[in-house]
Amino acid sequence: EFFDIVETLWKDRGVQQSYERSNEYQLIDCAKYFLDKVAIVKQPDYTPTEQDILRCRVLTSGIFEMWFQVDKVNFHMFDVGGQRDERRKWIQCFNDVTAIIFVTACSSYNMVLREDPTKLRLRESLDLFKSIWNNRWLRTISVILFLNKQDLLAEKIKAGKHKLEDYFPEFARYQTPVEAGVVADPSEPPDVLRAKYFIRDEFLRISTASGDGKHYCYPHFTCAVDTENIKRVFNDCRDIIQRMHLRQYELL
């Protein structure tokens, strides 16, 4: 009965119109994916697919510590919540780290913070990145930047309902760098390519302004639900982290 009610509500024109304005309130990214699949999910023999599992999301609260091994190399990672009230807990994780993986949702350029409805999420992410990058205790720690949710960013840009320049006026003057066309997928629309590189360069502008040559920023375009993309990115990150570790102990 519950699923039938959800199906009916999701098909309602008013609900669809409300969804179109979901950037104005707090709705998780995976809502549409699962609401479109209600007819499948409600089946008694339903088994979650790999994509279903990848698209599930639980808000990170506190600190999660994990160990794992890739190609006989041991990794020790801390996952911390990005919300404002979670940040005071971070300091205990920064002792003797080799690298920081900073994840930002590129599709959040038109969305506001849960804690502060006057602040755009992407603006907050840029401010947070700047505070980490310029922290005097982290001046020698490099940052691996995950420019995440590229699939959702592309959807928004192609839909054209929420123009990036309406939220970031500087985008109107931005020109896609020449190197972007060399490495880009030929099927990627030029406006999407321009948007993703603009966001990348907003972060790089911070890192190049005050890096002092002691730490570096390594940007990667990511889509967490694309397993092949994440596999390629993680292989790159593994090599970067190993080089950082060797450099940290003056072995490289």
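Keep in mind that glycine also has a Cβ here, set from the backbone N, Cα and C atoms.
What TrEMBL says about this protein:
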BINDING   54-60, 79-83, 148-151, ALA224  GTP binding site
BINDING   THR60  Mg(2+) binding site
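For ARG57 (GTP binding site), the count of additional Cβ atoms within 10 Å of its Cβ stands at 11 [all protein chains shown]. Secondary structure at ASP151 (GTP binding site), as computed by DSSP, is helix.
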